[in-house]
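What Swiss-Prot records for 89-109, 115-135, 139-159, 172-192, 216-236, 251-271, 280-300, 308-328, 334-354, 375-395, 411-431, 458-478 (among others) is transmembrane segment.
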Amino acid sequence: MLELPIISISIFLPLISVLYILLFISQSKKADKPIYVMYVAVLSSVLTFISTIYILIEFDSSNPAYQFVERYAWLDKIGLEFHVGVDGISILFVVLTSFLTLICIIGSLFTVKKYIKEYLVCFLLMESFCIGAFTSVNLLLFYLFFEAILVPMYIIIGVWGGKNRIYAALKFFLYTFFGSVFFLLSLIYIYSKMHSFDLTYIFQLTDNIPLFAQQILWWAIFIAFAVKIPIIPFHTWLPDAHVQAPTSGSVILAGILLKLGGYGFLRVLLPLCPSVSQEFAIYVIYLSVIAIIYASLVALAQKDMKKMIAYSSIAHMGYVTIGIFSFTKAGVSGAIFQMLSHGVISSCLFLIVGTLYERLHTKEIAKYGGVASKMPVLAAFFMIAMLGSVGLPGTSGFIGEFLSLLGIYKVNVVATFIAALGIIFGAVYMLKLYKEVMLGEITNKEIMHFRDLYKYEIISIAPLILLIIYFGLMPSSILNVFSLSVENLLVKF
């Protein structure tokens, strides 16, 4: 195994690129030429993606422990170390982060018209912070990365968003910050008891925390991650954020940021409070079932494409939480697979909506119709992404939902059948969306002048389409990566 600090490279390469853009390009005579900023951003994202692919290739899935571990002293007095590593659960999210960031940066080169330098800087910062969060083995370091993500996403929505972007950005910030306060208080208590933030050390001493304190701790940490997923009733920020965010912002929001909530449950909440997690699991399961049905029904009534996909995300993440809190290998494996699959499918759907918006400058479903006759390639891509979203066998969407339902069936049959109704509702609203946008007669004359996908749009969308199919046909190649890590996680259950 190569002895390079490969995880540090993946984390700091985007940050170094940001510093180069801000300190050198901005101060040079080339500052008025965004092309140089674009070169740096693309090169940085390509190299970061290559570094994460290297980690995946060299990763030993037969070893459930952390690999590529790096540990450096930082602020010992408060227990903060730069302690990073990857296991089977985190490695695929690291790759997903670098992959989606690369796609977003490439797409942004052709669609963002103002403040391109600042826009790309925000995405590079987001990439660095997300990889840092997914690889942190120190709880305080995880918190710092987890919260740092807030700032660039707030700026992306607030500066490059739609008409009501300020409201959406502020709502996003306040909701997430609200959850962060509970998380911070939890960290203070943990350090007062353990005198360490090392996750591997903390999880060995969880029995030393009194039961009542564990219960309070559980709810505090649960709220922090429930806001991020989001679980009802902490969900209302998401539709507004998606509708107002630029296309690439929606891709990162749905593809990566929501996954940090589910990842937080797996990485922090379950190992820290195993007995209390089992005690309160029934409440999470019913909240998840409510989220699946409620979000699906609300999605049916939407007239805005992005808002419909946003509510579908809430429903799909409901399958993630029921899988996690089933405490079964099938359920947890399904939840992880569902997060990865949803990251790909939702990103693809938002990119497709973005291509339509670039042409007609509206996301209102009623303004479309008959688009397939003018954009057959887009129609084919949309069809595959839509079928993946409804969980058709042979697509990635089927595997995650099936395993999550299989896991929860072993512990709660009633919740399983109610959650399964969400699949039916999902098929209804996604087929309805496809029919109204792509099929039928052209009623809007502007659609007559539509041109099919440009090369950069194909480059952005096609890899996601291939992944939807690959994940669906070859799920074992993904499941095997985190199989032993899931077993290791569930030892206390």
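Just so it is clear, glycine is given a Cβ too, placed from its N, Cα and C backbone atoms.
In terms of C-beta pairs under 8 Å, the stretch of 280-300, 308-328, 458-478 lying closest in packing to the transmembrane segment (89-109) is 458-478. Listed by sequence, the residues of this chain that lie at least six past the ends of the transmembrane segment (139-159) yet keep a Cβ under 8 A from its Cβ atoms are 78-84, 115, 118-119, 122-123, 125-126, 129-130, 132-133, 165-166, 168-170, 172-173, 176-177, 180, 183-184, 187, 190-191, 197-199, 202, 241, 244-246, 248-249, 252-253, 257, 260, 264, 267-268. Between the transmembrane segment (251-271) and the transmembrane segment (216-236), the number of CB pairs under 8 angstroms, six or more residues apart, is three or more, so the stretches are in contact. Same-chain residues lying 6 or more positions outside the transmembrane segment (216-236) and placing a CB less than 8 Å from one of its CB atoms are 171, 175-176, 178-180, 182-183, 185-186, 189-190, 209, 257-258, 260-262, 264-265, 268-269, 272-273, 276-277, 280, 284, 287-288, 290-291, 294-295, 314, 317-318, 320-321. Comparison of 172-192, 280-300, 308-328, 334-354, 458-478 by number of C-beta pairs under 8 angstroms to the transmembrane segment (375-395) places 458-478 first. Put simply, of 280-300, 308-328, 334-354, 458-478, the stretch with the most CB pairs closer than 8 A to the transmembrane segment (411-431) is 280-300.
Same-chain neighbours of the transmembrane segment (458-478): 92, 99, 103, 106-107, 337, 340-341, 344-345, 347-348, 351-352, 355, 377, 381, 384-385, 388, 393-399, counting only residues six or more beyond its ends whose CB sits under 8 Å from a CB of the stretch. Sequence-distant neighbours of the transmembrane segment (334-354) (same chain, 6+ residues past either end, Cβ-Cβ under 8 Å): 89, 92-93, 96, 100, 103, 107, 111, 242, 247-248, 250-251, 254-256, 258-259, 262-263, 266, 305-306, 309, 312-313, 316-317, 319-324, 363, 378, 381-382, 385-386, 388-389, 396-397, 399-407, 457, 460-461, 464-465, 467-468, 471, 475, 478-479, 482, 486.
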